[in-house]
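Structure first, then comments.
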Amino acid sequence: MPELPEVETVRRGIEPHLVGRQIHTVIVRESRLRWPIPLSLTQNLIGQSFLAVGRRGKYLLLSCTQGTIILHLGMSGSLRLVTTNTPHGKHDHLDIVLNNGRCLRFNDPRRFGSVSWTQANPLHHPLLEILGPEPLESLFDGHYLFKHSRHRRTSVKAFIMNHRIVAGVGNIYANEALFLAGIHPRRSASRIGLARYQRLAETTKTVLYNAIQAGGTTLRNFLTSDGKPGYFANQLQIYGRSAHPCPICGTPIRLERIGQRASYYCTQCQH
């Protein structure tokens, strides 16, 4: 699933090509995504212009003249900018055609993505108003994590992946941040002190920042808006490296399922 760095990479890729452009037409080939694409979307968007491209957690916010498109890439979604004469593929479900002969094409093989429309403040939309703070903003720090982890019985890994606690931290980057912080993913969130949470907040920010700079992580099918893979996979310390030696101590990296998600850790370096 595209996580925060991948979504931010897409945002940066499409923004300069959308802002100021008018929407000529909208083509919906398959409306049955995670939630059906609203039938009114086609008519609502024609003639509007893009004003900005934002992000909240893993959601893209395409601000238009009269409202906002809220788009989630789901498990396998991608956005590409193509010319209008580019043949569409089997999983190209939506085209937003611009007035310059190009179109924003949404591809989603597994159809877990979503495209919503709101004319109200998008941050008050039910999908967004429940989200915790952005992990790269100042509100997200060790004091915040310590305060919100008290009396929680969940594991620290599940805790930092809870989008109500912090927006956009998925499985890949949770594994990496916990490794760099030296915290075992199974450790109870309520049994971690302030100093260790300060370290975890720092490593989370570092991992996410570095991933954004590398264009995200491509493990299976993530591509940037210009069709290129993300290169942070080359920098992963622990994710996907089961039985490989720990880059710090050489102990074989262990893999187990925690909360139905693949969790990688070093038995010597993480406690």
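Here the Cβ of each residue, glycine as well, is placed from N, Cα and C on the backbone.
Values in this document were obtained by computation on a predicted structure and should not be read as measured data.
The active site, schiff-base intermediate with DNA annotation in Swiss-Prot covers PRO2. In the three-state DSSP assignment, the secondary structure recorded for PRO2 (active site, schiff-base intermediate with DNA) is coil.
Note: GLU3 (active site, proton donor) has non-local neighbours LYS58, GLY168, VAL169, GLY170, ASN171, ILE172, TYR173, GLY216, THR217, i.e. same-chain residues 6+ apart with C-beta under 8 A of its own C-beta. Residues or ranges marked as active site, proton donor in Swiss-Prot: GLU3 (among others).
In the three-state DSSP reading, LYS58 (active site, proton donor) counts as coil. According to Swiss-Prot, the feature active site, proton donor maps to LYS58 (among others), an assignment based on sequence analysis.
If you look up Swiss-Prot, you'll see HIS91, ARG110, ARG152 marked as DNA binding site. Sequence-distant neighbours of HIS91 (DNA binding site): residues of the same chain at least 6 apart with a C-beta under 8 Å from its C-beta are ASN107, ASP108, PRO109. Taken residue by residue with DSSP, HIS91 (DNA binding site) is part of neither helix nor strand, so it is coil.
According to Swiss-Prot, the feature zinc finger maps to 237-271, an assignment based on sequence analysis. Counting residue by residue with DSSP, the zinc finger (237-271) contains 0 helix, 12 strand, 23 coil.
Taking all protein chains in view, 15 other C-beta atoms sit within 10 angstroms of the C-beta of ARG261 (active site, proton donor). Annotation source Swiss-Prot lists active site, proton donor at ARG261 (among others).
Secondary structure at ARG152 (DNA binding site), as computed by DSSP, is coil. Taking CA atoms as the reference points, ARG152 (DNA binding site) and ARG261 (active site, proton donor) are 19 Å apart. Cβ environment of ARG110 (DNA binding site): GLY74, MET75, SER76 lie under 8 Å away, each six or more residues apart in the same chain.
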